[in-house]
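Student: Grabbed the feature section from TrEMBL, which reads as follows:
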- A:21-49: transmembrane segment (TRANSMEM)
- A:86-110: transmembrane segment (TRANSMEM)
- A:87-277: domain 'ABC transmembrane type-1' (DOMAIN)
- A:122-145: transmembrane segment (TRANSMEM)
- A:151-173: transmembrane segment (TRANSMEM)
- A:212-234: transmembrane segment (TRANSMEM)
- A:254-277: transmembrane segment (TRANSMEM)
Amino acid sequence: MSSRTMSGRRHGAARTPLSGGRVLAVAGRVVALALIVFFAVGPVLWMVLSSFRPADELFRSDPTLVPSSLTTEWYAEVFDSEALRWFANSLVVAVCTTTVSLIVGTAAGYAVTRFTFPGRRILLACLGVAYLFPAILLLVPLYLVLVTLGLVGGLAGIVIAHLTVTLPLTTWLMKSFVEAVPRELEEAARVDGLGYLGSFIRVTLPLLRTGLATTAMFSFILSWDEFLLASVVSQGDSMTAPVGMAGLVTSFDIRWGAIMALSTLVTVPVVVLFLVLQRYFEKGLTAGGVKG
Amino acid sequence: MVSTPAFLTRGPVGQRQRAGLALALPAALLFAAILGYPLVESFRTSLFSINLLTGDAAFVGLDNFGALARDQALLSTLGRTVLWTVLSLAGQLGLGLAAALLIDADWPGMRWIRQFLLIPYVIPVIASALVWQWMLDGHYGIISTGLQSWGALQPGVSPLGQEGTSLATVILINIWRGFPFAMLVFWARMQGIDRAQYEAARVDGAGPWHEFAHVTLPNLKSAAVALLALRGIWTLMYFELVWLLTRGGPAGSSETLSTYIYKVVTGEFRVGYAAAIASGTGLLLTTAGLTVWVLTRLRGRWRHV
């Protein structure tokens, strides 16, 4: 990888014999790195660990770091509850949102990159504004619109709400991925007799595979994580996982074991996607993949 | 004679334009329907007094905006929001820079460490909020009980539940969540720095500190500005973390603008007033954004002259 060769340049000088000062500098660096990794990962480890600890180990005023026994009772409790429905809702919403915003976003991203047409600049400007626009400012009007349409309380309403978050991003990301595909390839295909649609589907689309995967992943994660809009739109049976989980902490008897099991479960898909697609993930993140 | 718009003409130009229009149309319509229309609707709503509970709606003109100016709670919320934004950004960028410098080494396994460090930013915010609430739980939380045993905290108390510490705690957790992003952006920028600049500095006898201050930092300036602008807007109006951790409490001590709007809507059902706050904020942000944009364009023009 390029990072290896490029960052090696400054530390390549360390091949000289080790002096005391250099050893100390390296040791300091290792300690600082360990501390920062602990700070970043510690809470997540604690979440997973807590989800496997029996109740008498969780609820004590002098908690120990290392558990003396592990249990899966919290997961059994969670799988026996309505939480499964929340996860099913979240999955349906995230898949629908991703599908719609990927199709519409790819078409629009392709259009603004490859074609000139009236309104192109306006569309680009709106895209930028929509991308920066904080969701909380959209809360009231979006809610009123969904009430008028009779979509509050259903999954379709949540999908529409989530599209306001994902669509600007998917369009933006797909625009940058289309820009990276050489225009000449399509033109050559058109010379060979393929139409606009044909050259797009046969030539450009296959080259956009990684871009599409990256964009789909971000869209899925955004929808899967989204709490604000879903908390207002979803009710009762249509609650998504974040909305349902947020309601668990208000009660007097807080079942932390079950809550940590749910937190772990909601995290697993995201972290798996992240680890599988990590190279694309970094690219998408720096392109502004996640708000907030 | 009125000339026909190009996209209505026959021939390749018209055809290309029509193809572009057709592809962009679904997105344009969706943008208009789910972003454009609600924004207009938001401003219109702000001119009404609407109560969702009773269903009453009455046109009140600019009364809601007048009420904004008299709202003492809103004023102190604004101050807290600025504090939250500035401290969160300072912490995220500072820690992000430190982390970027630390991972910028050719050590075995460094790629994995970079992935681990990204985890706080990657995991769902609901999970982050819940695990921090659990760790800070006043009776059983690992951090709170630890602080209590050192005498830094009263028994049975959580830092999130104290008026004096709630905002600081939420900011700290926001730094935890946001620093990996700053780290990634800084680190990516560092990979692009021309190595000749370091060699030149070394030839001049520069030490590591001098190298950092005179080569690394200036190269990171554009990345820092971009981070401040983007994350500035999002942190200012970032809702989820604060709401899920404290609901803006206790006694409003960690209330920010976004949780305040949410409460006015979902708790008090004063939709018109909430729309007025949102519209006001939107106008303020747009004005600020336009000012910055115009200023940078002007500066760019002066530089070219």
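Placed from the backbone N, Cα and C atoms, the Cβ positions cover glycine too.
Describe the structural context of each listed feature in the structure shown, including burial, neighbouring residues and relevant distances.
Tutor: Only residues 6 or more beyond the boundaries of the transmembrane segment (A:86-110), in the same chain, are considered here, and those with a CB under 8 A from a CB of the stretch are 123, 155, 158-159, 162-163, 166-167, 169-178, 200, 204, 208, 212, 215-216, 219-220, 223-224, 230, 234, 238-245, 265-266.
With a threshold of 8 Å between CB atoms, the same-chain residues lying at least 6 positions outside the transmembrane segment (A:122-145) that come near it are 108, 112, 152, 161, 164-165, 167-169, 171-172, 228-229, 232-233, 288, 291.
Non-local neighbours of the transmembrane segment (A:212-234) in the same chain are 89-90, 93-95, 97-98, 101-102, 105-106, 135-136, 138-139, 142-143, 146, 151-153, 155, 157-158, 161-162, 164-166, 169-170, 173-174, 177, 240-243, 246, 266, 269-270, 273, 277, 280-281, 283-284, 289-291; each lies 6+ residues outside the stretch with a CB under 8 Å from one of its CB atoms.
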